[in-house]
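For Arg210, Lys234, His306, Arg309, His332, the entry in Swiss-Prot reads active site, with the evidence type sequence analysis. Taken from Swiss-Prot, the feature active site, O-(3'-phospho-DNA)-tyrosine intermediate applies to Tyr341, supported by sequence analysis. The domain 'Core-binding (CB)' annotation in Swiss-Prot covers 16-121 and rests on sequence analysis. As annotated by Swiss-Prot, domain 'Tyr recombinase' applies to 169-354, with the evidence given as sequence analysis.
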Amino acid sequence: MRRELLLEKIEEYKAIMPWFVLDYYQSKLSVPYSFTTLYEYLKEYKRFFDWLIDSGISDAPRIADIKLDVLEHLTKKDMESFILYLRERPSLNTYSTKSGVSQTTINRTLSALSSLYKYLTEEVENDQGEPYFYRNVMKKVATKKKKETLASRAENIKQKLFLGDETMEFLDYVDCEYENKLSNRAKSSFQKNKERDLAIIALLLASGVRLSEAVNLDLKDVNLKMMVIEVTRKGGKRDSVNVASFAKPYLEHYLEIRQKRYKADKQDQAFFLTEYRGVPNRIDASSIEKMVGKYSQDFKIRVTPHKLRHTLATRLYDATKSQVLVSHQLGHASTQVTDLYTHIVNDEQKNALDKL
């Protein structure tokens, strides 16, 4: 979603929220939470508050009028009823064949509510220097995590990675073969954005940056001489990220056509642009997701930009066997997150088994 549209959506949600959620929002801006995270949390709060009113737990006529003491006095049984509502709600939708929302969605909802409750019961201060209330019902609510070993998760992910020669084969496919299947009209659209699309894919495969980090790149953040980019990580921290040299020609070719192709002026500082009716704009995350999905599906298997991040991490670990180096490249504070890649690159284990 474009930053401008994202901020508009956030304002729409803020306009209907109770005062204590607005307090929470303002506090988390100072952390800072990303606008994307806050937007997702506000969506979850609306869903929760709608349920409070519909279920009769709150007699407020609208979300903005929900009182703080409603949250204070919610019971564990109330929260379990809400979780059950989430599981059953899609079955009420005649257009859905699913029996309930995924556990991942439920966990995301509960995570958003836990953050709000922690703020209200621990972090905020009233006039007396005390939190608004002390009873945190979310501490009594258990989340159910998907049961899957790292080895199982690694095997599932491995099928969606472009490892070894496939990294360059994917880029070559988009560069030289993809358009051969297109109609003249589709080919014209592809050729307009070809250099940009290749540059985006190459950057993701060569750096492992998150989708949001690529979207928010500005011209000043990219140093092609040193092959280093400056990104804003989760939590608002700035970080320097090395980029593999194979991405350089793709980035250079894009920069050669960027200004003329996308009608960019000096004030258009976004690195990756779109152009509509002569007006350049920063490309949004959904456009990149669709683009990566389209090309990858035609090449081998439909993947997300995050799988390209996994591809870089796996290739880097395979080359270095260093979880520390991989965690630094990805912007993780701990090597625990990179344990997954040791299971994807498990040739030594398989070779040992073959010798038995």
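Backbone N, Cα and C define each Cβ position, glycine as well.
With a 10 A radius on its CB, Tyr341 (active site, O-(3'-phospho-DNA)-tyrosine intermediate) counts 23 other CB atoms from all the protein chains. Only Arg210, from the active-site residues Arg210, Lys234, His332, Tyr341, place their Cα within 10 Å of the Cα belonging to Arg309 (active site). Across the fold, the C-alpha of His306 (active site) and the C-alpha of Arg210 (active site) stand 7 Å from each other. Applying an 8 A CB threshold to same-chain residues 6+ apart, the list for Lys234 (active site) reads Ser34, Arg210, Gly331. In the three-state DSSP scheme, His332 (active site) is classed as coil. For the pair formed by His332 (active site) and Tyr341 (active site, O-(3'-phospho-DNA)-tyrosine intermediate), distance between Cα atoms is given as 14 Å, rounded to the nearest Å.
The most densely surrounded of the active-site residues Arg309, His332 is Arg309 (count of other Cβ atoms within 10 A of its Cβ). In this structure, His306 is the one among the active-site residues Arg210, His306 with the smallest number of other Cβ atoms inside 10 Å of its Cβ.
According to DSSP, the secondary structure content of the domain 'Core-binding (CB)' (16-121) in residues is 75 helix, 0 strand, 31 coil.
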